[in-house]
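In what follows, a structure is listed as structure tokens, so that the remarks can point back to it.
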Amino acid sequence: MKLSLLSTFAAVIIGALALPQGPGGGGSVTCPGGQSTSNSQCCVWFDVLDDLQTNFYQGSKCESPVRKILRIVFHDAIGFSPALTAAGQFGGGGADGSIIAHSNIELAFPANGGLTDTIEALRAVGINHGVSFGDLIQFATAVGMSNCPGSPRLEFLTGRSNSSQPSPPSLIPGPGNIVTAILDRMGDAGFSPDEVVDLLAAHSLASQEGLNSAIFRSPLDSTPQVFDTQFYIETLLKGTTQPGPSLGFAEELSPFPGEFRMRSDALLARDSRTACRWQSMTSSNEVMGQRYRAAMAKMSVLGFDRNALTDCSDVIPSAVSNNAAPVIPGGLTVDDIEVSCPSEPFPEIATASGPLPSLAPAP
């Protein structure tokens, strides 16, 4: 993932943690395909689901297309700035699908490099099924994550208009930004420092493609096909290794061969404003999933009134559970952790047996 870094908030939390049934379970409407759902407006999404899983995700795999959609969902939604609006300028439409509708403009933004093929594939799906691009991006994200063990089941609301304007430039925080710049940009969009850390759980499934081409698709943690806390643990390990022949853009030393470390991740893990939240994400896959789901529910309605949208979460499949406990990778110990939260002791996390890992590129 060449990243950029993706009603009341209480209502968002409640909605985000109430797991829906599904896919197609427990509803009162029977769709033409025989599926059961809560609302007739949701029926079209079963057809989109089959199309995405068969073609876009190449048989429901947790591979590169999932990582691309995680970039896209964040880059689309974060094009939202109340500060610009207050200054009398267009502040962006948020999660409106403008990255697809206005790809001729938005794909020229440096943060969106390498997304053209994925955007065009999504455009074809949206047109074929007659769904809005904003809805499609949110749906494809939830479906894609369901292919990755351990992922939370994301909320999916439909009803976004397909009318949008191009996002203003320079609204996507990037891996070379300092922490203050990231927190200021995310704060403008309505996210607290804690929520910034929560959203970075997406990096559990991430790899980089454009930051260091010599180590193409090098993962950001040792389990890039599993949604787990290893990303938070491993980003706190001392950087000792240069995984490629030279360091790439916004790259820091890594704890073992094959793993890529983004400068923004390393800084956020150690900054006084975010370090304690970061540390709290290391020891519980369940807590990480709950927090990510809540933050994604909030991001998915940037620019929209959630009460005007229809809940079709029951169409989203559930991911396979991940029962593996968090570990400090083999060859390392807790002494290799750069503890950065002064107010709380580092959690007790087991150390894996075996030698220091050496990671292959993510698929």
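Placement of Cβ uses the backbone N, Cα and C atoms for every residue, glycine included.
Not measured: the values here are computed from a predicted model.
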Cysteine of C31, C42, C43, C148 paired with C62 via disulfide, per Swiss-Prot: C148
Which of D76, D117 belongs with G94, D96, S98 in the Ca(2+) 1 site listed by Swiss-Prot: D76
Binding-site annotation, Swiss-Prot, Ca(2+) 2: partner of D221, T223, V226, D228 in S204, S246, S254: S204
Disulphide bridge to C42 as given by Swiss-Prot, partner from C276, C312: C312
Other same-chain residues whose Cβ falls within 8 Å of the Cβ centroid of S204, D221, T223, V226, D228, the recorded Ca(2+) 2 site, in sequence order: G150, L205, S222, P224, Q225, F227, T229, Q230, F231
From C31, C42, D221, C312, the recorded positions whose CA lies within 10 Å of that of H203 (heme b binding site): D221
Those recorded positions of C42, H75, T223, C276, C312 having Cα within 10 angstroms of G94 (Ca(2+) 1 binding site): H75
Separation of alpha carbons, C42 (disulfide bond) and D76 (Ca(2+) 1 binding site) (Å): 23
Structural state of S204 (Ca(2+) 2 binding site), classified by DSSP into three states: helix
Beyond the site residues D76, G94, D96, S98: chain residues whose C-beta lies within 8 Å of the centroid, for Ca(2+) 1: A77, G79, F80, G92, G93, A95, G97, I99, G134, S164, S167, L302, G303
Candidate nearest C341 (disulfide bond) in space, where candidates are the recorded positions C31, R71, H75, S98, V226 and distance is Cα-Cα: V226
